[in-house]
Amino acid sequence: MTGQGHSASGSSAWSTVFRHVRYENLVAGVSGGVLSNLALHPLDLVKIRFAVSDGLELRPKYNGILHCLTTIWKLDGLRGLYQGVTPNVWGAGLSWGLYFFFYNAIKSYKTEGRAERLEATEYLVSAAEAGAMTLCITNPLWVTKTRLMLQYDAVINSPHRQYKGMFDTLVKIYKYEGVRGLYKGFVPGLFGTSHGALQFMAYELLKLKYNQHINRLPEAQLSTVEYISVAALSKIFAVAATYPYQVVRARLQDQHMFYSGVIDVITKTWRKEGIGGFYKGIAPNLIRVTPACCITFVVYENVSHFLLDLREKRK
């Protein structure tokens, strides 16, 4: 009886969670993630190149963002600037879609049957849970993206090219490194869920406080300019707090260097480069992720409101 009771309560809990699932959030999140990454992929490439720049001789030396972009353009043209774009778009679209999908379901589940709004810590935990669930699915795509972006001899049709595309990379990593290879950087990636958690917490609170400030309903839809402002502020806050983990993660996923684990990366980076090593690439990262975040959130908010309104009209 006890086992049946636990089983019944467990299935009841799951059915309650799934009652809050809205596929509109998934579609809207995918739309925002894909559009923002297609527009700003070259800056993501620059960020990755700078993040792993640790003095290794085989790597090109870059003097700044513009020098990096022009060097890649001269060597490989537009295709070089969009190296790794396929897994990036797949990964970003899927990640944002799943993140918004899980986050809104968790948030709705937690607010069911209560009059008061969620506390800041509840937004934080909900976003962290959504981020961890998303990473379990998407980590192999991020490893693939990093490997493709770090092929420095990526001349078209080059016989020296290690990976030929997204699926070739996935197959080769699995063949030579197994599942463990596909989940390199997973631990710092889990820590990275704190970035999304902080961002979503700040985003929710800023929207709420802003609507209260101008005497609007808490859930009132914002204008495009207002969404951009709130998204930009929340992203800058999150980046400033969590950037070092991205450097650690990128170095773990880099095929040109071998590290035994997270502690090894942190120790070697600190010894060779000091605190600055953990913030390499932050300038191109901020330049890229702030507008990318704004595009993602503006597209998400507008598409989700449109789709959810359609759902209501069909009832």
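Don't overthink the numbers, they just go from 1 along the chain as shown.
Glycine is no exception: its Cβ is also placed from the backbone N, Cα and C atoms.
Noted in Swiss-Prot for the protein shown:
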type     : residues : note
REPEAT   : 20-109   : repeat 'Solcar 1'
TRANSMEM : 26-43    : transmembrane segment
TRANSMEM : 89-106   : transmembrane segment
REPEAT   : 118-209  : repeat 'Solcar 2'
TRANSMEM : 123-143  : transmembrane segment
TRANSMEM : 186-203  : transmembrane segment
REPEAT   : 222-306  : repeat 'Solcar 3'
TRANSMEM : 227-243  : transmembrane segment
TRANSMEM : 281-300  : transmembrane segment
- Task: Residue list, the transmembrane segment (123-143) vs rest of chain: Cβ under 8 Å, 6 or more residues beyond ends.
- Result: 87, 90-91, 94-95, 98-99, 102-103, 106-107, 110, 170, 173, 181-186, 189-190, 192-194, 196-201, 204-205, 253
- Task: Mind checking which residues of the chain, 6+ beyond the ends of the transmembrane segment (281-300), have their Cβ under 8 Å from one of its Cβ atoms?
- Result: 28-29, 31-33, 35-37, 39-40, 43-44, 46-51, 53, 65, 68, 96, 100, 199, 203, 224, 227-228, 230-232, 234-236, 239, 243, 246-247
- Across the repeat 'Solcar 1' (20-109), DSSP yields 71 helix, 0 strand, 19 coil
- Message: From the DSSP assignment alone, can you count helix, strand and coil residues within the repeat 'Solcar 2' (118-209)?
- Response: 71 helix, 0 strand, 21 coil
